[in-house]
Amino acid sequence: MGEEEELPIYAEQVQQNEHGKGICSCCYCVPVHWLRKLAREMHWSFVFGVVIVYGISQGLGGGFARLGTEYYMKEVQKVQPSESQVYLGITNIPWIVKPLWGLLTDVVPILGYRRRPYFILAGFVGVISMLFLSLHKNLHIVFALLLMTAGSAGVAIADVTVDACVAQNSGTHPSLAADMQSLCALSSSIGSLVGFSLSGIFVHLIGPNGVFGLLSIPAGLVLLVGVLLKEPQMPNFAYQQESMGFVMAVGSVGSLLGAVLYQYGLKNHPFRDLLFWTQLLYGLSGMLDLVLVLRLNLQYGIPDYFFVVIDASVSQMIGRLKWMPLLVLSSKLCPPGIEGTFFALLMSIDNAGLMSASWVGGFLLHILNVTRTRFDNLWLAILIRNFLRIAPLTLLFLVPRADPNASILPDEVTSSKEGSEPTVTENVELVSLVKEGDD
């Protein structure tokens with residue numbers, strides 16, 4: 001009877017042990033199966049990138065960076081708490097301009113890739129800035145602040161890029177959108193827990209500079225994400241509408257720079273000299289289009305899209321520099337009393353020139369047989385256009401070499417108009433134009 005009673009007890013203990021092992025194995029297997037599912041649906045490099053950026057770079061690295069920066073300001077730079085708060089706010093500027101990083105990753109591909117180059121850029125910037133902070137003990141506060149801001153920018157760029165990857169995969173795999181956000185949140189939470197738990201120990205053992213050296217490891221892993229990430233390559237000339245809009249926006253920035261440069265550096269130069277150099281540069285800038293058409297930029301490793309952005313900004317800036325002195329000269333040539341008429345006449349001449357340039361350009365493309373699918377003679381059309389841009393230099397002798405701050409019109413024109421004052425009638429009465437019926 002004793003043996004029979006012991007057998008059920010032993011069997012119950014075995015069953016409980018197996019149940020406990022089953023719970024442990026279940027707790028271990030469920031996350032593994034979940035990660036395998038995400039890796040199978042969206043490639044393992046994406047899961048690896050999320051874990052590195054959110055868990056290692058932001059979570060673990062964020063914990064180390066926060067405490068390390070505070071003690072670096074206190075013990076190495078020896079700044080006051082109020083100043084330290086201001087400096088820490090400056091290092092957060094890259095996070096405020098996150099839409100700019102998102103715009104770059106969306107519309108400025110590099111070598112046909114929209115995500116991988118920015119992971120590489122973020123990792124490279126982070127590694128260089130953190131190593132520099134770690135190896136130089138007596139940095140000036142300005143350089144230290146620039147390096148910390150650069151490191152923060154590296155983390156921010158990586159954050160925006162991985163968010164773009166998550167959003168893109170959420171569109172292609174809508175059923176896994178919640179799982180991807182859970183992966184991001186879990187990675188960040190676990191990384192932050194480990195980072196803040198160990199940050200105080202490492203700051204005590206190796207100091208703030210040593211902590212900055214350790215932060216180069218998460219940045220290096222972000223760079224590795226850019227190397228390993230699976231991303232389809234875009235064709236070089238597949239410009240979308242938003243891409244062309246960005247090119248035009250950059251061109252507007254070039255135009256703005258041209259206006260600023262004229263206001264603060266060139267407005268006091270003589271008209272003839274300034275128009276000579278701007279017209280010459282305007283013709284030479286057209287050679288950038290020739291470089292693009294002949295594909296010479298690729299021989300130097302410059303992507304088409306990046307080259308087009310440079311071309312647009314340079315052309316718009318030089319065009320603005322050429323146009324500003326012409327506007328000033330036109331306004332100074334207007335005789336008193338007919339300023340509106342004369343200035344409108346000058347502007348209409350310019351508009352007629354633009355219209356004739358469009359017609360002649362279309363006729364030239366027709367003669368050279370340049371169509372939507374044939375570009376064999378496009379280089380010749382660009383070369384003729386650039387020659388015609390330089391041709392107005394032969395008429396530059398007509399522009400007065402005068403002081404731009406002085407009057408250009410003869411004295412008799414301005415004095416005669418100023419001397420003839422209108423006759424003032426003291427008593428003015430309104431006379432009825434309709435004869436009254438009583439008369």
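Residue numbers in this text run from 1 along the chain shown.
Every residue gets a Cβ built from N, Cα and C, even glycine.
As annotated in TrEMBL, transmembrane segment covers the listed stretch 243-262 rather than the other ranges in 83-102, 243-262. Contact between the transmembrane segment (183-206) and the transmembrane segment (377-399) does not hold: fewer than three of their C-beta pairs are under 8 Å, each pair 6 or more apart in sequence. Ranked by Cβ pairs under 8 Å to the transmembrane segment (377-399), the stretches 117-135, 141-162, 212-231, 274-293 are led by 274-293. At the 8 Å Cβ cutoff, the transmembrane segment (141-162) and the transmembrane segment (44-65) share at least 3 close pairs (sequence separation 6 or more) and count as touching.
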